[in-house]
Amino acid sequence: MGLLRLLVLAVLASEPGVAGGAETVGNSSEGLLEFSVGKFRYFTLNRPSPEDAILRHISSNASFLIFQIHSQYQNTTISFTKTLLHNTSGTGTDKGLVFILRPEQSMCTWHLETLDAEPVQNMAIPLSYSERDPVPGGCNLEFDLDIDPNIYLEYNFFETTIKFAPANLGYARGTNPLPCDIGTGRDSRWRLLYDVYQYFLPENDLSQEGLLKHLQRMAEVPQVKANAIKVVTLTANDKPRVSFSSLRGQGVIYNVIVRDPLLNTSAAYVPVHTYACHFEAKEGNCSSLGRVSTKVFFTLFALLGLFICFFGHRFWKTELFFIGFIFTGFFFYIPVTRLTLLTYDVRLILTAVAGSVGGILLVAAWWRFGILLICMLCVGLELGFLISSVMFFALLGNLKIFQDDGVFWVTFSCIAVIIPVVFMGCLRILNILTCGFVGSYLVVLAFDSYLYTSLSYITLNILKRALHEDFHRAFTNVPFQTNDFIILAVWGMLAVSGVTLQMRRERGQPFFPAHPYKLWKRERERRVTNVLDPSYHIPPLRERLYCRLTQIKELFRKEQPAGERTPLLL
């Protein structure tokens, strides 16, 4: 069988090269997977039976080819030969090889295999480029392949980082490539520019068919420019490395287009995708969006937030507990996460306990001292925190100036502090606005525990920046799709309804309740001096407690028998 395959390859190699059309799905002949330039093909790889791919009828105008293969989460190996070498093969879910064509060459072959026990569904495409097009990865000095067109992706909970090798200028068949590091003028690879693109899959779509379909929009230069979002343009002097905020459970595809501004030509690297999660993990995989502890915590918190949204100003002490809980919990979670190695569930429980203590202390401080300005400062800062987070989420987050942590935190804090300062003359309005918008936003966070929504990253991005020292370099783009529009409408409806209802109900009422401690003290003095008050005759609390303890002791005392116990004298 091997001899027959070699004979077929020899016959195909002897055919003249023509620039013929290609079908969407090529034909297989004698165990070979046949491809056409610019056409995608779906196929399945099995561990016991590796495949050889062949491309023929290559145009004489082509100078090099990029053959790329994609799968969802199972690894595939692509190689120039059946003998796998580290500098001639690559393994992963999104891999490609550059094939430099020789003069008169019209046919190429690749070897494909997988080590996964289960069959792997793949999609592959060969793309051709001319001698004027830059060569992606042509000046690779970091990775294994001699010419590496791949994008290398790493992610954690906080950020997703892509890295790629610098490109080189294109060259004709049979000629040597230009040196990479000799000279930095206009005639060298230092004139090349790199456009980094980002493409979001539909939210909550983890299907293999959807991924492979959308990858077709990110393989070639015209499709990438038409469908994806250009995030940043790098020069040859910049590090070929870009970071993004990780979006767990959200499919994202990245690609880089290298441009030659002098010749007005371009070429695309091999696109890479991620969901920022593991499909095969037993716990916390891509199918389960949140832990049980997270769902319980935010569901209970959302119920409290919904109550505050509509009744917060009327139940002032409950609102103070709510405000103190958020304040203390947020600032407690940051150090306990950065300084300890506790598990997530333990940290969440400790945060809930610390938040409850903070809420109780704020209520106690109001009851004892009754200083309204301090309480309203906490209330206003929480509304300012939310407004500042929205501004960085929607407008300011990706500006280069805010990659500096000092500039970011000073600007963020100033926006947050401005809100209570502006509303200092109308504290009731400030309080009701905080109840409406902050309380209803907790419902959004609860939605995110069950159904992905980008609106949760309004505050999550701020928390990530406080927890992770390298998050300042990450771009914080998120998709805004159907689910987000629906949940945004729900958030707006709840906030407006809560604010309107409280404004109408509190019209004509006192702005804030009176000082609780003064009321209690006045009532106690009134009871002491007013003999006609029935409460005047009530014993003090200490005596009542002592009497009650005495009654409880009587229940456990052995009953003494009645009658004469002395013996009769005879």
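Yeah, the Cβs are placed from backbone N, Cα and C, and that goes for glycine too.
As recorded in TrEMBL, the features of this protein are as follows:
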type	residues	note
DOMAIN	299-503	domain 'TM7S3/TM198-like'
SIGNAL	1-21	signal peptide
TRANSMEM	296-313	transmembrane segment
TRANSMEM	320-336	transmembrane segment
TRANSMEM	348-367	transmembrane segment
TRANSMEM	374-395	transmembrane segment
TRANSMEM	407-430	transmembrane segment
TRANSMEM	442-463	transmembrane segment
TRANSMEM	483-501	transmembrane segment
Local confidence of the domain 'TM7S3/TM198-like' (299-503) - pLDDT mean: 93
Range from 348-367, 374-395, 407-430, 442-463 with most C-beta pairs under 8 A to the transmembrane segment (483-501): 442-463
Any contact, the transmembrane segment (374-395) to the transmembrane segment (296-313), with at least 3 Cβ pairs under 8 A: no
Tertiary contacts of the transmembrane segment (407-430) (same chain, 6+ residues out, Cβ under 8 Å): 313, 372, 376-377, 379-381, 383-385, 387-388, 391-392, 396, 401, 462, 465, 472, 506, 511-512
